[in-house]
Amino acid sequence: MSYDYDLFVIGAGSGGVRASRIASSYGAKVAVAEEYRIGGTCVIRGCVPKKLLVYASGFSKDFKLAEGYGWTVGETSFSWETLIERKDAEIDRLNGLYINTLSNAGVEMIEGRALVTGPNSVRVGDQEYSAKYILIAVGGWPMMPDLPGIEHAVSSNEALHFEKQPDHIVIVGGGYIAVEFAGIFNGMGSQVTQLYRGEQILRGFDTDLQHSLATEMKARGIDLRTSLNVTKIDKTEKGVILHLTDGTTLEADAVMYATGRAPKTDGLGLQDAGVALDKAQAVIVDEYGKTSVDSIYAVGDVTNRVQLTPVAIKEGHAFANTVFGNMPSSPEHDAIPSAIFSQPPIGTVGLTEAQAFEKYNGKIKVFKSGFKPMKHTLGGSEERALTKLIVAEETDVVVGAHMIGLDAAEIMQGIGIAVKAGLTKAQFDATVAIHPSSAEEFVLMR
Ligand code: NDP
């Protein structure tokens with residue numbers, strides 16, 4: 001049987017680009033279809049633009065800290081329009097790099113929305129293509145609850161392109177995106193109200209991190225309100241009026257929903273082609289990324305396992321190794337370090353205290369250190385940091401590490417190696433500290 005391509009990838013985001021490039025390096029003839037821009041969520045409307053905005057918003061605090069160190073900062077002002085223009089130029093540059101990467105790797109790029117028409121066929125526009133393998137890497141899309149007036153809300157996609165900085169923004173949700181954007185708009189001087197339906201933000205994270213971040217966000221002036229939700233949104237001339245579950249209303253220039261992301265499988269033709277989806281419409285895959293159809297695989301957010309770019313990249317690479325490199329590889333999903341670029345940031349890897357307590361029947365040791373980062377001493381900030389290690393008592397293995405505070409994201413990458421490697425607390429203790437640093441707490445907690 002001959003096909004137009006060995007591999008047809010749908011979606012040129014983190015997972016799809018990596019899979020295309022590696023498959024091509026093994027000699028496969030590869031095409032990738034993308035309906036919007038090469039680079040996907042992370043590059044175009046996620047991690048990268050978000051992090052640039054996080055950097056931008058951090059200066060307001062840095063200006064204050066600088067004064068404690070003898071600097072006269074003078075009058076400062078911030079232009080949202082300039083930032084967005086510069087951010088967009090950087091995204092254009094990265095988009096160009098991604099296009100070059102694919103083209104240098106010999107991958108054919110096809111613009112348009114692809115429809116799976118069978119186990120070995122895909123249609124883009126009027127054109128039908130055949131392929132020995134199809135890889136679904138279409139990612140996810142912001143999900144919003146169904147309530148009256150929800151069409152007046154925006155997601156992080158649009159918030160990255162507001163024409164004007166909102167004077168007052170309401171952010172709904174208590175996960176990664178909600179806390180990151182609350183920090184961004186707060187740092188830029190907008191009034192921020194964050195509404196979370198549960199009792200404490202960051203469900204699933206270690207409780208010490210949850211409480212510390214909530215405290216620090218409030219200290220920075222974010223009006224964080226918990227056990228509260230929106231029932232209805234009215235559009236006004238200036239923005240929106242939100243009707244809340246406690247019977248009150250809230251007026252703002254904009255409301256942004258960060259209430260999770262769903263697999264973007266709608267209208268892809270997957271079920272007609274025999275690909276099984278779960279209740280959340282995610283593609284069901286085995287440990288190699290294979291779906292219920294032997295010739296169709298899936299990687300990344302569309303499989304709704306771990307919604308993180310580096311995980312999608314690993315899955316895409318493993319898929320190419322398995323199918324085209326003669327090296328069956330199944331990406332591991334344990335001890336994945338991750339960061340929240342909240343302000344202050346969070347870094348975490350492995351089990352929370354509660355998860356470890358359950359897994360080891362209470363036989364755990366917990367080490368914690370709360371401190372004021374040295375930078376804040378002269379800077380005059382009251383912001384505190386916290387480091388925490390969870391150790392399995394019987395083996396002395398460090399099964400979880402958590403941090404909130406300056407540089408937590410950078411620090412956790414190294415700690416992540418140690419936790420992934422299964423090192424013991426004694427080995428952490430035997431490591432010499434880097435002094436003075438915040439990171440040293442991880443080898444000094446007794
Ligand atoms: P999350 O799943 O992290 O958080 C969703 C939040 O919305 C939760 O607080 C949830 O509450 C709340 N929520 C869900 N449904 C409703 C509803 N109907 N009404 C009110 N609140 C609701 O999703 P995000 O959108 O923040 O991010 C999506 C994913 O993207 C993350 O899971 C993460 O994997 C990834 N991401 C990673 C980043 C990083 O690595 N730094 C940055 C940004 C995103 P509840 O807790 O009660 O369910």
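Using the three backbone atoms N, Cα and C, a Cβ is placed for every residue, glycine included.
Bear in mind that TrEMBL entries carry predicted annotations, made automatically and left uncurated.
Record note: TrEMBL gives GLY173, GLY174, GLY175, TYR176, ILE177, ALA178, VAL179, GLU180 as NAD(+)-binding, and the candidate from GLY260, GLY267, GLY269, GLY274 in that site is GLY260. Distance between Cα atoms for CYS47 (disulfide bond) and ASP301 (FAD binding site): 14 Å, as a whole number. When the recorded positions LYS51, HIS435 are compared by the number of other CB atoms within 10 angstroms of each CB, HIS435 has the fewest. Counting in whole angstrom, GLY175 (NAD(+) binding site) lies 16 from ASP301 (FAD binding site) by their C-alpha atoms. When the recorded positions CYS42, GLY175, VAL179, ASP301, HIS435 are checked against ligand 1, GLY175 have a Cβ within less than 6 Å of one of its atoms.
According to DSSP, GLY260 (NAD(+) binding site) sits in a coil region rather than a helix or strand.
Note on GLY260 (NAD(+) binding site): other Cβ atoms within 10 Å of its Cβ, all shown chains, come to 17.
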